[in-house]
Amino acid sequence: MALIIGLTGGIGSGKTRAADSFRELGIEIIDTDQIAHELTRSAGKAISPIRIAFGDCFILDDGSLDRSAMRRLVFSDETARHRLESILHPLIYQETLQRLPLIQSEYGIVVVPLLLEIDGYLKLVDRVLVIDCPEPLQISRTMLRSKLSEQEVRDVMAVQCSRDKRLAQADDVIVNDSGEQHLQRQVEELHRKYLMLARKHGL
């Protein structure tokens with residue numbers, strides 16, 4: 001199997017933008033947030049167990065998950081959050097496992113916001129890449145992008161591991177605090193490094 005990089009970072013750190021930059025260089029990306037969206041859209045595999053666990057009030061008329069209502073619930077009710085995670089996390093993990101052997105690029109990237117928090121993912125990856133930025137920037141970016149309140153962003157951050165812990169676990173770090181060009185330079189530098197590692201990995 002190809003060399004696999006686990007890409008992670010806190011909310012608002014720029015994981016998606018970094019992953020898109022690697023994709024533009026020809027690298028295949030498995031995005032667990034995207035998988036979660038697929039699982040919770042109309043007729044997705046997670047809809048039936050979510051309906052059973054939480055009721056019809058969390059399912060929209062089109063059959064997809066009401067993400068806003070669910071977000072409000074899980075960040076005010078830890079038991080509900082654990083119940084949702086017990087449904088989603090195994091499904092996301094199994095889908096990731098199925099996609100990994102299909103990667104055809106010289107190396108692959110798995111984007112996992114909770115890479116360090118959820119058991120199992122670290123054993124799937126060969127290196128951990130952390131996208132990092134100061135916490136005030138995480139908050140302001142997320143509020144601008146997602147229309148969440150500052151408290152809602154902080155609630156998300158509270159269930160993610162700390163910035164210090166992420167950085168301590170990182171094999172590689174991209175500092176995303178200075179605009180697109182700064183990010184792109186770091187991506188291209190790591191891309192060259194990963195290509196060399198991938199060739200050794202395949203020997």
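Just so it is clear, glycine is given a Cβ too, placed from its N, Cα and C backbone atoms.
As written in Swiss-Prot, here are the features:
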type    : residues                                 : note
DOMAIN  : 4-201                                    : domain 'DPCK'
BINDING : Gly12, Ser13, Gly14, Lys15, Thr16, Arg17 : ATP binding site
When you measure from the Cβ of Thr16 (ATP binding site), which residues in the chain that are at least 6 apart have a Cβ under 8 Å away?
Asp31, Asp33, Val111
Whose Cβ, among the binding-site residues Lys15, Arg17, has more other Cβ atoms within 10 Å than any of the rest?
Lys15
Just counting, how many other CB atoms are there within 10 A of the CB of Ser13 (ATP binding site)?
28
Using the centroid of the Cβ atoms of Gly12, Ser13, Gly14, Lys15, Thr16, Arg17 as reference, list every other same-chain residue with Cβ within 8 Å of it (recorded ATP site), in sequence order.
Gly9, Ala18, Ile131, Arg141, Asn176
Using DSSP and collapsing to three states, where does Arg17 (ATP binding site) fall: helix, strand or coil?
helix
Under 8 Å between C-beta atoms and at least six apart in sequence, can you list the same-chain neighbours of Gly12 (ATP binding site), or say none if there are none?
Cys133, Leu137, Gln138, Ile139, Ser140, Arg141, Thr142, Arg145, Val153
When you measure from the Cβ of Gly14 (ATP binding site), how many other Cβ atoms are you left with inside 10 Å?
23
